[in-house]
Structures are given as structure tokens and as C-alpha cells.
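Straight from TrEMBL, the features:
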COMPBIAS  B:1-33  compositional bias 'Low complexity'
REGION    B:1-38  region 'Disordered'
DOMAIN    B:185-563  domain 'Myotubularin phosphatase'
BINDING   B:ASN310, B:LYS311, B:ALA312, B:LYS313, B:ASN335, B:ILE336, B:CYS397, B:SER398, B:ASP399, B:GLY400, B:TRP401, B:ASP402, B:ARG403  substrate binding site
ACT_SITE  B:CYS397  active site, phosphocysteine intermediate
Amino acid sequence: MATGGSGAGSGSGGAGNDHYKRNTFTSYVAPLPGDMRATADTNEWCLPSDLRDVHLARPRLLPGEQIVASAPAYMYSPIEPMDSSINISHNNSNGNGMASVNDGGSHKEATFGLLSVTNFKLAFVPLHATSKRNPEAGVVTAPLCDLYQENTYLGRNEITLNNIDQIYTIAELGRAASALQAARMASHVSRRKKLEPFKQHNISGRIAALHIVCKNFRLLKFAFQQQDSKLSGASDHGKLIASALVRFAYPMRHDLSFAYAYREPYYSTLGPATGTSMYASKNDWARELIRCGATEWQVVSSASVPLLQNPLHAGKYTVPPHFVIPKSCTVDRFLDLSRAFCDSRAAFWVYSYGASAASLVRLAELQPAAQQDTKLENVMLELVRKCDERRQLKLLQLTDRLPSIQDVRRSYQKLRRLCTPETPEKFMLQDDKYLGLIEKTNWLFYVSLCLRYSSEAAATLRSGITCVLQESNGRDLCCAISSLTQLLLDPHFRTIDGFQSLVQKEWVALEHPFQRRLGHVYTAQGSGSGGSGSSGGNNGSELLEGEQSPVFLLFLDCVWQLLQQFPDEFEFTQTYLTSLWDACFMPIFDTFQFDTQAQRSKAVLDSQLVLRPVWDWGEQFSDKDKMFFSNPLYQRQKGDLAGAQSSAAGAGAAHRRSLAVGHNRGGTAGGASGSTPSRNTINPQLFATVSSVPQDRFLQPAHRICDLSVWDQCYYRWLPVLDIRGGGQPQVDLFHRLLLSNIAKVQRCLELQSYEELPDAYFEVTGESRSSLQKEETPVEDEAEYVDGVERRRKPTTKAGTPTNGFSPVSGNHLQLSSLSSFFPFGSPIAGDAPHQLYDILNSSSELLQDTTSILDKSSIL
Amino acid sequence: MESSASLADKLASKTASNNSLDSSSKSSSLGSKHGQNGVLRDTPFAYLDGEEDQDQKNDVTYVCPYRGPVFGALTITNYRLYFRSLPLRDQEPPVVVDVPLGVIARVEKIGGATSRGENSYGIEIFCKDMRNLRFAHKQQNHSRRTVFEKLQTNAFPLSYSGRLFAFAHAAAASAVNGGSSGWDGWAVYEPLAELRRLGVPNDMWRATKLNESYTICDSYPAVWAVPKAASDDFLRRVAQFRSRCRLPVLSWMNPRTQATITRCSQPLVGVSGKRNADDETYLSYIMEANAQSDKLTIMDARPSANAIANKAKGGGYESEDAYKNVEINFLDIHNIHVMRESLRKVKEACFPTTDDSKWQTAIDNTLWLKHIRCILAGAVRIVDKVETMSTSVVVHCSDGWDRTAQLTALSMLLLDPHYRTVRGFEVLIEKEWLSFGHKFQQRIGHGDNKHSDADRSPVFLQFIDSVWQVSQQFNNAFEFNEHFLITIVDHLYSCRFGTFLCNTEAERVTEDLKHKTTSLWTHINSSLDQYLNPLFPSFTQGAELVLRPIASVRALRLWKGLYCRWNPGLCVPQHGCQRTRELLSKQDQLFKHVNELRLKSNNRSNSMQTTTRLASPMH
């Protein structure tokens, strides 16, 4: 076992094995004296057999990933189900001992395995991944587990170091000689102590257990067994892990992130045809201007502004690489004005709506020094006003109306505390006055405010008046309100591609400081953000804790609320949103890793960072998991991407699409016919000036607190006690997918004029028996067929749906919908029906969802 | 199950139906119904059979808490209070208040002859369905007096030696239709048929009509299912040891494992801890009737402190020492008074206005969700015992007609998918609530002006709320929708149907409700479409046979669709299931099309064996 190898790491482990090689990465904090104890391998011989086997439970490593420390440990489920008998039921009902395989935590005992800290993740690998008692059970359960979301880079019991927010040590009370005692300690909170980053922790006393609180609301609990080792004295596994975590989970510089160690080349599967616009080029912005019919605005690229290229002056400005400003204003004048504003954020155009192209504009506040003199602000607003057709403008000051980033952080921390109870007692205690506690977090209040002011902004644009959103630096809640406003107005942003473009535009391209807000870097000095990004309100003495704030999560929560209120208006599902939040802590993807574009470019230049957009979901998830991102209730509309091409007025949208694919319509694009489309600059002036955004599909959400609810999937999914088995939204989604799948299958049958592949539901409804029909053609029907590599087993109709409790009120021949749980595809897998049936439903329903022509249009076939 | 429906009908009904739902699902089910029997006169609402005008005033102001005072005409019939504003502007829809008089809990005069100020003189009406209404009258024309008197006599007929509207309604309806027409809701529950569905009689259980004349227990039904080992005489002796003679009788049995749910009242243990050999033997019979388990679980719905306190009044609970192999659990559900108080607070929080910034704390302080959680948790524990451990469960509280009914009915609903269909749910209410003597008359106070009667309590409402909570967690496990539940709650108070009248089966038989009133189920089942849940898979079984809802306040919600429905601001229009219906209709269209095509091709190719296949009934 490698020790906490750093410069001084002369672990006594054998150097022959490659894992034992001296680590090459730098230590983040000087090693603590006395924590370089010998680890398990030296005294292996005196361990019980389980402990000796523990080395078999090695985590899977990525290229560039190295183990920093590892130790045998027990993992506990966050809190036990309130009634233990629930678990037994699962054993009874499915007979193959499912529950015992997947998480030992559902039995009162913990799972034993190897806990490792690497430079990328904290990984727990159970020693008995498949139960010894049930060797065949593993085979049976494997496909079912597949249905739950799996990440290419992370196992079920693994979290990235980025995700770790707080580490609590639970000190030993007496000696835990047995696992049972260790278990008691794991849930004991009285000696709970928080490990702070940067502090030199002299961890005194043995650490019996660790609680790790993740930024995505997960709580991990590990307990360590005391080793009486005659050879090396006490080997304190808890201390070993804790000190490794403190050093590696709170990096002080971004270039210590695993993103830099992971040098695998990236081959994008995001073809040029994908609709996600990265807003990384001038053309992306130009296309958006055209789509919105915004004629009074111009795109500026920093690279083509001499002033910004002048090393003497560039430092004064912190503008993004591309931005859109009023046409009536020269770039130099604009830059001159921008110096008065925080982070140089003077009036950036982001969106226009309606026939009169009323615009949505983001503006920072004046620099504290310049605040007495509002003249420059008035000049700026006057420039914006001139762009409005009716010369009207509404200034929405967000600072007064919305919580500060510190408010959001405090609220998030309170909310997370409610979602990560350590013990069943705490859970019940919270439950007793839950709504009151939720109210005290203010989280829903903030969500309500965001929805309220974005509705206000949307209403302003709808009435044809330009709306300016003003916030201190124009890069935090401004992003949230601005993107929500566009979601409310524009159905394009409610598609997956559109939403991703929106996040790119509002959050990435216009530089929401993700790195600071998500706490990717912990630094006591403000200098750590590594580049031109940090300036403005960011003063050095402030602890970076003060800069952390999950504004992006607040935004995702708002989107989720919209999804609840308008379930068929969005192409994506809540699973997509939850996965997006998780993806914020994947250092491998650069999308949410940086404060500014300049920082990102610098990282590429200086450290050869491989850029990998998070939108390439195939990098993380299988096709099956990606299918759960699409909403079965969503129906592609004529106004959406594909349809827009046929509409005459939608010239802009059509071009946005066709240009992305690289086909220029020679005539309209002004004879630009080069073979390399990327070099062509789109000139918005050559395009139709009418907005192609449909104006009859805006949303008007309810925004009072009593209209909102808690995002259970995202916040509660790590609490198995709240997982509704066989209920919740996933079951409803599955039902809709089944309907889609039936429709798709029948349509295929109609097209082929062959009725052998009719869906089971058909026979159910008509009361006809499939077996009588198929007697001639397929005598053996219990056999699995393989279609597209997916096993499709049709249920034998004769045996199908035999109710497990034997008193079906209606006659047999029933399909039984598979059971998913309410946190699906998160949460723990449960026994259910055969997953191949689910695959089948998934595949055939996706055919229709991907189909750009409306299903109902297809009825014309009849 | 409906038989002999043609394929086309079946396909059509599932989809065509559901459009009616959007408009009315959120509002009251009471006013909107224009039955075929409704007589249209020159008034804006359809009179029900037997409904007659009592008073009409044209110069009344309705003080609407949301839109302010509106001027209009007030009509009082023997069934309802109806107000319609005179439209001031053309575009504005008139304000309509349509309240069955049965909903009224209390009528009070406000302001006297000397009252000053606008709209300070009039009548305030307190309703059982979470709203208050205020009408202002002009002092000069003495319109208030007759309105007040008519309201009193018609809303509280039992206090003024009158009869409830249900009787007049049914009498008039049968005069119009010449007796029974169509399907009779009173026939929905046949005790013996329901027992047969559960597999009784069998080796261990028998059905008995021992209580046919209600002499052994006047609050129990005529038909019981009891262990075969217990003789009639023996049963009589056991009854003596149970409060109000409500001895343990079968509620439900799992046909596969024979694990049962039986219900009863508390044993008459008293302070001295009396024992009764017959009762102890009887419980052992119940245990032995289930071969799967050598234990019996008693679920005492009360908090243990209350159970102990009941000993002073001669009641108590089974001691584990006296009863062999019995374990007793207390489910910590509070009594009817606590629940009444809790609902009062809910009304305070929801009506007429809410404070959005304090909304959650206000709801928290009502403790309503906490009480619902207790009931759900209790039901889940029963489910676990019966389903998972295959152990029989005996449920009781003090008298065994309030909390016991909540628990047995709810756990049966969770265990048996049949009770999650419309018909099955009707059977469940008829069986567990009506036949086993939940005192609806007392708890609701039909036609009675004693509004502060301590016997009133929203026990049944709480059950319906719990069902709604389960249906929110398992969206496609129920054949019926929210509107169905709201309709039941509305007619719980309305006194238009006989279903919820009287306290016991014996009283209902004496009153001859089956012949003198109409059943609510007749009404509901005659227009079933609007009560169906499109998410309930018609072609598959519900996903889960046994439901285990999450009993945590985190997973519960206040039922705004019921409690807040009078507040137009709080009722978010549900975007509902439009898309689901489209998909269903599309699917059915395609199925029908394929069916026709196949029929044709089969006829052409093979005339021998096609004839019967498609003509066969659905189920």
C-alpha cells in the first residue's frame, strides 16, 4: 500500500509494485510530522483474513490517477431505514437476495472494504462486491444495476475530491475493539469535529470514524477498526485517511486539480451538427443576434481590439473574449466606460425578444470608488436605450432584490444540513418540524425571488421594453435571472441543446466565477485564482469560503420548479438537471472549472490542460443513461430547431442551424463560400432582421413559496429512507415511455404491414392471446432475441403477470410495469422486473422522442 | 369489471372522457353537476330532484375575501345556498357561490340595527369545507331575518324536526324516473361476495350472520367473518370483554399467506388488569388461523399514555403476559379532539388569506402533516407485518371506529390493489367505515346546529387525505383521481346522498336508507369518466401490488387542492395530464386501426378461425 507519499514519503511498502512507486505529484500541504506511519502491508500477517483480502479491493484508477492513502474501513449507509423489516421484504419478494448484494448498509451492519484516497477521488471498494453466499445472485442482479446511473469515471461508492465540502472526524471514545463498536461510533456525533482546510491539524487521539459531507448533498460515513499491531505500534487508519483528505481535497491552486494530471486526449463526439452553441466564437454570438432579430447590437471580439491586445492596457479590463455591445457605441468608448464598472461589466447584450426586439442586458454596478458619480452609468444606460425601438428601458436592480452570494451560501448550508442527517434520531427530529426548518433555510424563498424577478424581466420584454439586469459584478445572480428570463420566453432554451447553449452563453461565456463559487480551489490569499480573472470585488484578505456560493444550484433549482409547473414544456428531465449539478464536481470536464475564459486559455497554454466540455455526455454516461435525460412528455414543436427550417420567417434560426453544419447559403451569406466555414465571419446585417423566436410559448410560472417544493431527487437521493419503491416521477415517466414505445411499435407494424411485433399492450387491450396468434410462426417464445445488442425478451404471455400475492382481481395475462424507485436513476437499485423489458421500452420510446416530426402529425398515416 | 363492452367503446371511453376533467377537477364537484334529472327553471343553476326554493333576495352583497364586495341575488333552497352577482361589466364573469346547506356548520348574524359602515350588517356562514361566507344585507328592508331563518331551518333540519334533503331528493327522483334506473350504488358492497373475494369461508374462517339483528353489537355489521374455531356462544362471551361489544372480526385476509387484519375495540381490562380467558383464547384462534406465523401482533392506534389512561375508564390494552405469543405496539395516533383542533388550524392557515413568507411554519404548526404521518406510518407497519412477516394483525384503539378504521382501511388499500380501483375503493369505504360503524352522523353533525359538539372530528377526512398522500407518491397506482376524492369529501357534508348518513349499519337499516335515499356511488359511477386517473395503466397492472409509502413529513404535502381550493390565488392550475391523454388516445387509435386491418386480412385469408377472436369480451 502506498503511503501518503509526498516528498518525504518513504513508505516502507515494497517498491516493486507500480502502485508503490514513489508518487510524482506535489504535496498540497507539507506533510504532518508523524503521520507517515507504516501502513497495512507491513503488518499484514497479523490481520484477520478479511483484512488481508482487503488489498484485493483496489479501486479502478484512471490514467494519471494515483493512490495517496488507503485503509480498510466500514462504510455505512447515511441512515438506516426506519423499519428494518422493510429490507427483509425485498429478500422475500424476489427470492434472489438482491438486497444483500448491493449495499450491506441496508442490513444493519456496514460494508467492509478498502477506502482509498487518490488524487482524483475518494473510493470505497467493498471487499465482497458479490455476496459469497449467493454466487449466482451477482449475475442476476448485474443487468438491473445497469439501469441505475453509472458514471464512467466514478463507481457507486466513489466521489471526486472536488465534491468534498466538509470532513468531520469522530474521535475514539474508549477503544473500539469490534466492528459493532465501530458502528456505534460511526453514528456517534458528540465527538464530531470538523477538519478545516489550511489548518495544521494535529489530530490527537485515534479517529474512529469519518463523516464526509459532499457538495451534492451526499453524506458518507466510514468507521475504522482499531488494529493492535505488534510490529508497528498503532496504525491509525482513520488518521491516515483524514490527513490525506485534508491535504488533497482542499487544493490551494487550481493546477493541482486532477484535471491537469488526466492527460487523456479528447475526441469530441459533439459533432458540428449538435445544436449546443458554445459561444466561444464571434459567429456564435452573431447567430444569436440574428435569431433574436437584434439589429442594434454588435459583437466585439477582444482579440481584434488593439487596446485589449496591448499588454500595457489589457490588465485594466476583464472582459470576456466575445461580447455584444450597442452599435451606436465604438469599442474604445465602450471600454473606456467599462472601466467604471466592476469587473468591466458594462452593458452586455444577451437576448432580444419580440417583434420590436426588446433586449435583455446585463450590467454590473459602478466600481465602489466611482459610485458617487452616476454619470457614467447614465451614459451607459442611454446607449442601451438607443438600441430599443421605442427608446424604453427598465432597470432591474438585483442587488437590492435578491440575496447576496453569502446569503445563498448560508441558505445552502442550512438546507444541506437538513438533507444530511447523521442518525435516524436526527432525521426524525428534523422531520417533526420539517416545514419550519425548511422555511428557516430561506432556500425556497430565494428560489421564489429568482422566479419572481425573472418573470418580471420576461414580462418587461414581452411588453416590448428593454430590460437591464444590474448586479454588483454582473456575474452571479445576474446569470441566474438572465437565463431564467430566457427560459420563460424562448422554447428553444427548453430543449436540451438550447439549454446547454443557454448555460454556455450566460454562465460560461459571460464568466460566472465557477471556480470560486463552487470551491474548486481553497486559498487563503486572493491570488490563487491563477490569472487575469480575479479582480474587482475580490480582495485578498477574504477567506475563500466567502467566495463560495452555489448560485448555479439555485438556478438549477429554479429550472426544476419550472419543470414541475410545466412538465411537458421541457425536453430534459430532472435527472438531467441533477446530473448537471453532479458534473460541476468532475474536474475532468472544464466547463465548470474556471472563473474566466482567460483562465481557461492560460491553463491550456501553460499546463496543456485538455479541454473537455461537459455537454459531451457520452464521455460520462452510456446511451442508456443519456436516455433518462429526455422527457417523455416533451413534444418537439414546429417552432423548435428542426421545424424552424421550414418556416419562412425563421431565416435566422435556419441559418443558425445550417451554419453550424457548415453549409452557407451562398446568396444570403454574402457570397461567403469558403471551404472552411469557421473562418467566415457572419455579418448579421446581411440577414433578415426579424426575430425567429415564437412569441406564443412563453411561460408564466407561479413563484410564491407555497407554489414551490423541495427538489427531492437532487437533495434527498442519498437518503434511502425517502426512496419510494415503485413510486414517484420515474414510474410516471416509465408509463409515458411505455405509451410511446407502444405507439412506435404499432407504427412500425403499420409501415411494414406485418403484425408480428405488436406490443404486449395491444393484446391486453384487445383481449386476444398472443400465444394463439404466434403458434404457427414462433413455437418457442421464451427465448431472448438480440436486437441491436440489447436483449429483448418478450414475456411469455401464458405466465406473465402472475401476481406475487396471488389475488389478482382480474384475470391474468397482465403486463407488469417494472418497479423503479422515486430517486431513479439515483438511489439504490431495487429488485424489479427484468431490465431487458425496460431497455426495450427505453429504446423504442426514444425513437419517437428523437423524431423531429410530431407524433400526432404521424396520425395522418391513418 | 365491466363486461361486454365492445373494443371501440372501451378504447373511446378512456380518452374521450378525460377532457371533462380539466375544467372541474380543481373546483368543487357540487355546483357544476347538471344531472339529467336536473330541472332547469329560470334560475342559473339546475335544480336537483326535490329541490325547492325557500327564499330569494335580490339585494344582497357577498363580501368576497378576494374580490371585495359584490352585489347580487341570493337564493336559498332546501338543498343549497346560491348567490350570483349582477355583472357590472360585460367581460367579467359573475361571482357565483353555490354551497349545499349540509356544508354549513354555523350561521351567525353580524352587526345590529345600529351598525355603521358598509357591509357591516348581515350574515356570516361558517362551513365545514374550510371556508366562511359573508353576506351583507341592507338594514332597512329586513331581508336578513328571513334569510337567517330559512338557513337555520334548512341547514339544520334535525334541530328543527325536519328531514335531511337526501330523503326528499330520492323520493322526487324515483317519482320522476319511476323507481330505480340504471346501476344502484347501494349494491356496490355485498359483504359475502367481498369475503369470497378474500377466500372466506375457508378452513380457518367462516362467515356468520350472528349479528343479523344487531343484538350482539349494535355498531357492527350484520355479517362477520370470524375464526372457525369460535362458536356462536363463544363469540357472545368474547364480545362482553370488549368495549361496546366490538370483538375482533376479520377485515382483510391475504389469500396467499392467510395472514389477516382483524379489528376490534379495546379490551375491558380496567385498573385491576382483569383477564378474560375467552378473549385470550379467541386471539389465539386468530393467530392459529394463520399457519405462517406463531405470533400475533396487536396494533393499538393510541399513544401508549392514552392507552394506559383508558384503564381508569375500564378500558386498556392487552398485556403481553396474559396473551401468549402476542406483541403489542402503540402507533401514537392522537384522538379526535386533537385532530379537530389541528384541522381548525389548517383552516386558519389557508383561509381566507395566507402569508407566503410564513406559509411553511404556519402549516408546520397545524401539526396536520405530522398526524397524517403517524397514520401512514401505522398503516405501513401493519403492511409490513402482514405482507413481509406474514403475521396476523389485530388493530384497535379505544372504541375501534375512528383510528382503527383509518388504519385498517389504509393498510388494506396499500395491500390490495383491488381497493385502489373506483369500485374497490367504494367497497372499502362501505366495509371499513360504514358497516363497522364509524359514527358519520356524530363526527360530521349532519343537519345539526350543535357546531361545537365535541364529538365532531375530521377522522374520515384525514383518511381521505392519507389516501391522497399515497396517490401522490404512487401516481399510477390508483384508478381514480383527485377529483374523485374531493367529490367524496364534498358529499360527505352535502346530505344529498344517503351514503354518509347515520352512525351505524343498524341505524341505516332502521331508516331504510337503501330505499329512501340515493347512494353517492350511484351518482359517481354514472359518470365515471371524470373520476378516472389517466396514469392508471388500463393495460397493465399497477406497478406495485403492495404499496409502502414513505411516512415522513419530507414526503408529504398539504393538500392544497382540497384545503385551499376557495382561495383563487392558491390554486395553481394543474397542467395535468393533457399530454398523457393525447398519447393514450393516439395509442388507442392505432390499436383500433391495427385491429381493423388484421380483422380484414384475417377474414380474407382464413375464414375458418377468425370469427370468435375479436368478438371476445375484454375480461
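Including glycine, each Cβ sits where the backbone N, Cα and C put it.
Curation plays no part in TrEMBL annotations; they are all automatic predictions.
The most densely surrounded of the binding-site residues B:ASN310, B:ASN335 is B:ASN310 (count of other Cβ atoms within 10 A of its Cβ). Fewest other C-beta atoms within 10 angstroms, among the binding-site residues B:ALA312, B:CYS397, are seen around B:ALA312. Secondary structure at B:ARG403 (substrate binding site), as computed by DSSP, is helix. Residues listed for substrate, B:ASN310, B:LYS311, B:ALA312, B:LYS313, B:ASN335, B:ILE336, B:CYS397, B:SER398, B:ASP399, B:GLY400, B:TRP401, B:ASP402, B:ARG403, cover a largest CA to CA span of 21 Å.
Averaged across the domain 'Myotubularin phosphatase' (B:185-563), pLDDT for the predicted model comes to 94. Taking Cβ-Cβ distances under 8 Å and a sequence separation of 6 or more, the neighbours of B:ARG403 (substrate binding site) in its chain are B:ALA301, B:ARG302, B:LEU331, B:ILE333, B:ASN335, B:ILE375, B:CYS397, B:VAL459. For B:TRP401 (substrate binding site), the same-chain residues that are 6 or more apart in sequence and have a Cβ closer than 8 Å to its Cβ are B:SER219, B:ARG246, B:SER265, B:PHE436, B:GLY437, B:HIS438, B:LYS439.
Under the three-state DSSP scheme, B:CYS397 (substrate binding site) falls in the coil class.
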